[in-house]
């Protein structure tokens, strides 16, 4: 983390050299010109389109021997395999906590520095991670994303919406393997399982 002095204002990623930052920023603001004919996804670089197209053709994919998930790049497979091995090669020098991704360590480090480069344009609240800002911005949305057709209640999260819908349908998809009792919410199943 120390020594990386060029930071991307869009995602917070840091670089040692200004040239690397400028090259990276093309991904955010570049004119997207290369379109996948299979799925319509658009890319700023032809090389990224070619890599993406391997998903559709199945050519030169790297497959995880543990779970079968496939990747277009070997480095992404190696990063993914840390899920199975439990390897966490990136350690915080401040508190000793370890992470499986460099980007996760970088975001964690902001806890110690107090850095919050992402500001909500609606209310001015600041965040250390862009994803946290995105989640927060959904709370400002005038029109909620998911509306229940039964009662009109609205939700910003799809998972909460589906959970709510089960109150109308009576659906109980979470079943205890010990006794067969079913629950509408996974959390209720977990609480129940502690009784066995």
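Each Cβ is built from the backbone N, Cα and C atoms, and glycine gets one as well.
Features reported for this protein in Swiss-Prot:
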- 6-28: zinc finger (ZN_FING)
- 34-56: zinc finger (ZN_FING)
- 62-84: zinc finger (ZN_FING)
- 90-112: zinc finger (ZN_FING)
- 118-140: zinc finger (ZN_FING)
- 146-168: zinc finger (ZN_FING)
- 174-196: zinc finger (ZN_FING)
Spatial neighbours of the zinc finger (62-84) not adjacent in sequence (6+ beyond its ends, CB under 8 Å) are 51-52, 54-55, 100-101
The answer for the zinc finger (146-168), taking Cβ pairs under 8 Å and residues 6+ beyond its ends, is 138-139, 184-185
What DSSP reports for the zinc finger (62-84) is 11 helix, 4 strand, 8 coil
